[in-house]
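> Just passing along the structure, written as structure tokens.
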Amino acid sequence: GVGFKAGVKDYRLTYYTPEYKTKDTDILAAFRMTPQPGVPAEEAGAAVAAESSTGTWTTVWTDGLTSLDRYKGRCYDIEPVAGEENQYIAYVAYPLDLFEEGSVTNMFTSIVGNVFGFKALRALXXEDLRIPPAYSKTFMGPPHGIQVERDKLNKYGRPLLGCTIKPKLGLSAKNYGRAVYECLRGGLDFTKDDENVNSQPFMRWRDRFLFVAEALFKSQAETGEVKGHYLNATAGTCEEMMKRAIFARELGAPIVMHDYLTGGFTANTSLAFYCRDNGLLLHIHRAMHAVIDRQKDHGMHFRVLAKGLRMSGGDHIHAGTVVGKLEGEREVTLGFVDLLRDDFIQKDRSRGIYFTQDWVSMPGVFPVASGGIHVWHMPALTEIFGDDSVLQFGGGTLGHPWGNAPGAVANRVALEACVQARNEGRDLAREGNEIIREASK
């Protein structure tokens, strides 16, 4: 019989399988590959499949103790990218058994853990993942989701309004609470801790939580509306994070916040479970995302990070603005906004959606538009994001020449005017400025 043959052999002999028919239970990945000069695309694609599943650089004796055909990742298709020299989209199918149930952490460790430093590749970007229902059903997903949140807040038929409290660092807890009160009293639904506000010497978390709670209840009593402030529970350890979330719940706060990329998926999923069990909404900030998703040819596209978050759990997530101070292309942004909100998203390459994604009945996430937007953007934002979104104006509220509360009033008036104009069938794109001008009289 054929004995064990030591040595190094081409990956493509084992891991490039163009005849493979993908299974409904496979996790599928689309990678944008830039091979090193002289490396054939098939070999590069196979190397990606191998290194992110069962392969290693040499044939090993222990391969004989398992069934590689059952467990290996397979590169089943490669297509050149139009308009790019030496760039390909490689499609890889992973058997479900390679992944631990309910662990976004393990999913990313497997798929993007090692292979991005691979010598045969000049660059690699994970463009999209297809998460099969067989896997997504092992996740609880968002603690509450869009519909439940609307019912808890009793707010329907319009986007929600938020505001990040600025200056983000340096305010005392008392002054911070005052700014929160003014914004909520003026008509916002939410105010927000900045992502870098954790527990610093000038404002410890406990003091902030107490003064913010006071602001919440005061503004709630005066306006007759449910109000919230995203209390940032992000901390240096999971235990400390949980302590902060528990304290927020004890104060009667409706929502807490987490920086899910710097905090990590494991911490995030623990927090999401706690929020679900205890009726807290969970606002997610994506600090550090651009480190991973900014380069077109290397890293992970934000739509992949967004899918990971929907599985791990969050009720809101920052998703770019299309119009503000930070990058974002409209169609592509709307693509991952739909991946966050909808049940079923059809494959559409023009929107960056490489696979049809069926979330079955996993709750949706509110996309949050935040960063450099102000009241004149309101018509565009209402049109682009629709009702199921949170629009956040930090400087666009607190920068109002008359102060915080008038800034909040301006945003609420503009939003209500845009929603009404849209419902009356007016064209927001064309008449936007005029609608805002009328409303401000």
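Positions of Cβ are set from backbone N, Cα and C atoms, glycine also.
Quantities reported herein were computed from a predicted structural model and do not represent experimental measurements.
Sharing the feature lines straight out of Swiss-Prot:
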MOD_RES   LYS5  N6,N6,N6-trimethyllysine
BINDING   ASN114, THR164, LYS168, ARG286, HIS318, SER370  substrate binding site
ACT_SITE  LYS166  active site, proton acceptor
BINDING   LYS192, ASP194, GLU195  Mg(2+) binding site
ACT_SITE  HIS285  active site, proton acceptor
SITE      LYS325  site 'Transition state stabilizer'
> What is the one among the recorded positions LYS5, LYS166, LYS168, HIS285, ARG286 whose Cβ has the most other Cβ atoms less than or equal to 10 Å away?
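Going through LYS5, LYS166, LYS168, HIS285, ARG286 one by one, the largest Cβ count within 10 Å is at HIS285.
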> Using Cβ atoms only, which residues of the same chain lie under 8 Å from HIS318 (substrate binding site) while being at least 6 residues apart in sequence?
ILE284, HIS285, ARG286, PRO367, VAL368, SER370, GLY371
> Restricting to the recorded positions ASN114, LYS166, LYS168, which ones have a CA within 10 Å of the CA of ASP194 (Mg(2+) binding site)?
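Of everything listed, what lies within 10 Å of ASP194 (Mg(2+) binding site) (Cα to Cα) is LYS166, LYS168.
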> Given the binding-site residues ASN114, THR164, SER370, which one's Cβ is surrounded by the fewest other Cβ atoms within 10 Å?
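Relative to the other binding-site residues in ASN114, THR164, SER370, ASN114 has the fewest Cβ atoms within 10 Å.
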> Show me the subset of LYS5, LYS192, GLU195 whose Cα is within 10 Å of THR164 (substrate binding site); these are the recorded positions I mean.
LYS192, GLU195
> Sort the recorded positions LYS5, LYS166, GLU195 by C-alpha distance from ASN114 (substrate binding site) and give me just the closest.
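Comparing Cα positions, the closest of these recorded positions turns out to be LYS5.
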> I need the least crowded one of these binding-site residues (ASP194, GLU195), counting other C-beta atoms within 10 angstroms of each C-beta.
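Relative to the other binding-site residues in ASP194, GLU195, ASP194 has the fewest Cβ atoms within 10 Å.
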